[in-house]
Amino acid sequence: MTEYSLPTMNLWNNSTSDDNVSMMEAFMSSDLSFWATNNSTSAAVVGVNSNLPHASSNTPSVFAPSSSTSASTLSAAATVDASKSMPFFNQETLQQRLQALIDGARETWTYAIFWQSSVVDFSSPSVLGWGDGYYKGEEDKAKRKLSVSSPAYIAEQEHRKKVLRELNSLISGAPPGTDDAVDEEVTDTEWFFLISMTQSFVNGSGLPGQALYSSSPIWVAGTEKLAASHCERVRQAQGFGLQTIVCIPSANGVVELGSTELIVQSSDLMNKVRVLFNFSNDLGSGSWAVQPESDPSALWLTDPSSSGMEVRESLNTVQTNSVPSSNSNKQIAYGNENNHPSGNGQSCYNQQQQKNPPQQQTQGFFTRELNFSEFGFDGSSNRNGNSSVSCKPESGEILNFGDSTKKSASSANVNLFTGQSQFGAGEENNNKNKKRSATSRGSNEEGMLSFVSGTVLPSSGMKSGGGGGEDSEHSDLEASVVKEADSSRVVEPEKRPRKRGRKPANGREEPLNHVEAERQRREKLNQRFYALRAVVPNVSKMDKASLLGDAISYINELKSKLQNTESDKEDLKSQIEDLKKESRRPGPPPPPNQDLKMSSHTGGKIVDVDIDVKIIGWDAMIRIQCNKKNHPAARLMAALMELDLDVHHASVSVVNDLMIQQATVKMGSRHYTEEQLRVALTSKIAETH
């Protein structure tokens, strides 16, 4: 991805004119309510300074890391300070990390800032300064276009536009002009993000400083908590409409995220920050995949690399990934992109490489230019040795200021961002008429603003030299084509030719080329394997072939268990049916109820019988007290035989004329209740002869 970073020289050095300094002092000392009053933000600086050992004690600066460099391409200005320490991470990927963090999150974040930790003096604590930033904007920005006509609101907007124009004039060296692109509304969150460049925090002060000092994340959500915070920056953010501010420390600084929505604390976000911003693991050397729902041609605050980075025809040296340069032109790409009705749907901004003799490379800094361009560039890598930046125009708002009359360099075949599309006179006039008719294009593409503060070379695959005709190898991010914006403007948007075949399902993004389609297919396949691994209990190995084999074995085991369960179920059903049939079978009618004591006259004598029965399951305990005459023991055995009762134990004892019999029996074909068995025995034993 071709990116440009803010210069590493102090913008507000002694060479700045008194008029410029006075203008910036007035800019910083504004009496409006959106300026913070703490010491870290009251300094009259807006520049970027990474030369920390030379930072002034009374002029705090915003610190930014510079990119790694090759010794063969160091400029003279970059080698003046021999004590400058080498960077420890790749600045090119820092912008991609911030963009991937916001665009890949489930929550809706408005901006992300990386505060870099630097040491100004060995005896003083570390200082957090501006390292990089990415502004996504608010989803409902197009819906909340308020027609506010109050004098205070108009005065505030005029002040912001004036400051931006004068800031551009100060940096570019051109007289302030009336660029109509600056007349666009500068929202509160955009303004808060811009003025964050001027802030720095000592370790332990402010919300980022507290997060770095305590090495623990700080999550402030809710308007009441923001307003009650002791940090001036947090209260300032609440005044600008933010509802959630998060500061997560990392090894080299603090990542700050803000949102206009109320977002609860999420451990996934903190883990993602720790992974993305762990520079010690050399994660910065790779390219980050573009999120499907985000536009990779997000707009950047960029610095086109200057003399230390340009590709010279006279030098046949191969450039490394990134080259620090103290001399560069600063550009801000801000707003949405315009749809281009041409066939290929792309437009190229002209980038100018300043060619200066070696004896002129030691000057403080080149003329800088703030360009709020109407187009964003997609960061696609350069081919065939040229440095032309391929850009995708889209519809949206335009803020464009800065001098756009730079000349193109003859050797590099590139131009400076001029804010004018290279379409033709007719399309140029049409774009001018459509500047003010911006419409909402989507939540993730509305009002994006991104800042890079380091010097970054385009992708490592770019070849230098005049005869570089080889195509460089690119990552998936660099090779993928930016998705076409769906615009609802009155002008008919470009109809990109699509391949024949089935239409994608509702809500599914159609891949733009085979590389993106293959990536989506592999990602989908990996997700399915992850889900399969989660449900298979015994995984022998972690490779996909073993996982499939274990899944097959597990499925076969489940099938066998299912078959066994079905057979057991059938057996239980058959047993239940048999019991039901047996219960429906009518048994012998029970004998009529009789008293426990029955009297019958036999030859003028009365026979008294007392029977006690206890039932336990299919077993019964019987105890009988009666007269010993007429052989009651024999009659009991006969009754037990007739009732189909098996005798397990029996005892007979006689006391005078009373016989006591005890028996333990087991019921056979029929189950009797206590009452039924007692009545049956009474009728058998009490019979008279």
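Every residue gets a Cβ built from N, Cα and C, even glycine.
Per Swiss-Prot, the listed range annotated as region 'Helix-loop-helix motif' is 523-558 (candidates: 523-558, 631-666). Range 509-522 is the one annotated as region 'Basic motif', of 47-60, 397-410, 509-522 (source: Swiss-Prot). For the compositional bias 'Basic and acidic residues' (566-585), DSSP puts the residue distribution at 19 helix, 0 strand, 1 coil. Shown for the domain 'bHLH' (509-558): DSSP residue counts in helix, strand and coil, namely 37 helix, 0 strand, 13 coil.
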